[in-house]
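Chemist: Quick one: structure below, then a few questions.
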Amino acid sequence: MTVINGIDLTEDRRDLLLISTWLWTAIAAVFVAGRYYCRIKLMRAVWWDDWMILVSVCCSVAVSVIWTMYANAGGCRHQQSLTKPEQVIVFRLNFLSHPWCIIGLLTGKLSVAFLILRFQSPTRWRTRLIIGLCAPLVLMVMVNVTVIFTQCRPVQFLWDKDKGGKCIDPIISPTIGKVVGSYMAFLDLALAAIPVQMIWNLQMVKSKKIAICCLLSTGVSAFGFAVVKVTSLGHIANRTDLTWATVLLFVWNVYEMNVVIIAACIPTLVPLFHIMIGRKTKSDFAQNQSGGSAGYNGYHPEYSVRMRDRIERNSKSQRLESIKSMDGESIQALGQKTKITVEPPSPVVSPVDTWYDDDESDRKISVTKQWSVQR
């Protein structure tokens with residue numbers, strides 16, 4: 001054992017980083033594969049949330065490859081134990097992994113947001129809220145990645161001090177990272193709370209409400225990893241032992257990134273779960289697709305919930321217009337000449353078409369107009 005200034009230079013966190021990285025990435029990849037099986041084979045419905053989660057898991061794989069190279073080059077040891085050429089290699093790999101990690105976290109959270117938009121009833125305020133929560137994160141991530149690669153001039157001075165150059169205050173980049181990480185933690189909680197409010201107003205058994213809320217809010221587990229990660233960001237400013245200081249940060253990042261991926265996939269695996277427990281078969285989903293149905297649970301592959309609702313309302317409106325256009329006209333049906341008249345509309349409460357208006361919590365029943373057609 002070689003000890004210099006109280007530091008054991010033989011210490012190596014390589015196994016910790018590699019096991020954590022590849023284990024969680026493999027689990028996340030399995031969940032994403034199951035998600036795409038459900039979306040493509042069963043429901044035939046791939047949307048933005050699926051593409052975002054695919055980008056996220058690809059970033060996780062890219063980060064795993066870079067960190068494997070980083071660990072094999074000695075990046076999980078103390079900086080003092082590395083030769084100058086080794087330091088240049090590991091520092092370059094260290095900084096190159098940052099954008100992949102940050103973008104993977106961003107797209108994972110965007111996937112959760114798109115999933116909520118996909119499942120929600122058409123509600124303008126909730127849609128605006130989700131967009132308003134996600135837009136600042138996109139901007140902050142862009143700033144964060146930009147600062148990482150512009151904090152030193154030339155950029156090679158980040159990993160090779162022999163090149164000559166200058167850098168901004170070393171506390172600036174970690175501070176921006178803390179702001180971004182804190183906002184990501186807040187967003188984890190927000191995206192976990194929104195489905196609860198969305199589901200709780202539905203007319204269904206309470207136990208089913210709780211189960212659905214739990215499925216859509218599993219991302220709250222990423223909040224804990226995000227908090228721990230934010231507390232570790234301050235160690236990046238310690239550039240005297242950068243390799244050793246960033247290993248735990250890498251571990252918490254890979255935990256958070258893959259937990260978000262897994263949590264975003266769990267609600268989409270319900271069709272596969274139904275097949276596994278014998279409640280449904282593959283042919284049931286095929287019949288839904290070929291029998292003129294909108295798909296699993298009324299899902300139409302090309303449209304979100306809001307778009308489907310708009311289409312349904314438009315088709316109802318078109319049917320009413322068709323009926324009104326026949327007022328006073330004569331038609332020939334079954335050999336008998338029949339005249340159709342349409343009485344003036346009267347406002348009625350239709351118990352069949354009653355729906356809940358999310359925009360106004362104090363108004364629960366929609367009053368529609370009913371046309372009475374007489375021969």
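Just so it is clear, glycine is given a Cβ too, placed from its N, Cα and C backbone atoms.
According to TrEMBL, the record shows the following:
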type	residues	note
TRANSMEM	16-38	transmembrane segment
DOMAIN	35-274	domain 'Rhodopsin'
TRANSMEM	50-70	transmembrane segment
TRANSMEM	97-117	transmembrane segment
TRANSMEM	129-149	transmembrane segment
TRANSMEM	180-200	transmembrane segment
TRANSMEM	212-237	transmembrane segment
TRANSMEM	257-277	transmembrane segment
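Each of these features: where is it, how hidden is it, and who are its neighbours?
Modeler: Panel annotation: around the transmembrane segment (16-38), residues 46, 50, 53-54, 57, 60-61, 63-64, 67-68, 70-71, 76, 247, 250-251, 254-255, 257-259, 261-262, 265-266, 268-272 of the same chain, lying at least six beyond its termini, place a Cβ under 8 Å from a Cβ of the stretch.
The average pLDDT computed over the domain 'Rhodopsin' (35-274) stands at 86.
Counting only same-chain residues 6+ beyond the ends of the transmembrane segment (50-70), those with a CB under 8 A from a CB of the stretch are 17-18, 21-22, 24-25, 28-29, 32, 35-36, 39, 76, 90, 93-94, 96-97, 100-101, 103-105, 107-108, 110-111, 114, 250, 253-254, 257-258, 260-261, 264-265, 268.
Remote same-chain partners of the transmembrane segment (97-117), defined as residues 6 or more beyond its termini with a Cβ less than 8 Å from a stretch Cβ, comprise 47-50, 52-53, 55-57, 59-60, 62-63, 66-67, 70, 127, 130, 133-134, 137-138, 141, 144-145, 148-149, 180, 184, 187-188, 191, 194-195, 198, 216, 219, 250, 253-254, 256-257, 260-261, 263-264, 267-268, 304-306.
Beyond the ends of the transmembrane segment (257-277), by six or more residues, the same chain brings 24-25, 27-28, 31-32, 34-35, 37-39, 42-43, 49-50, 53, 56-57, 59-60, 63, 101, 104-105, 108-109, 111-112, 115, 119, 188, 215-216, 218-219, 221-222, 225, 285, 296 to within a C-beta distance below 8 angstroms of the stretch.
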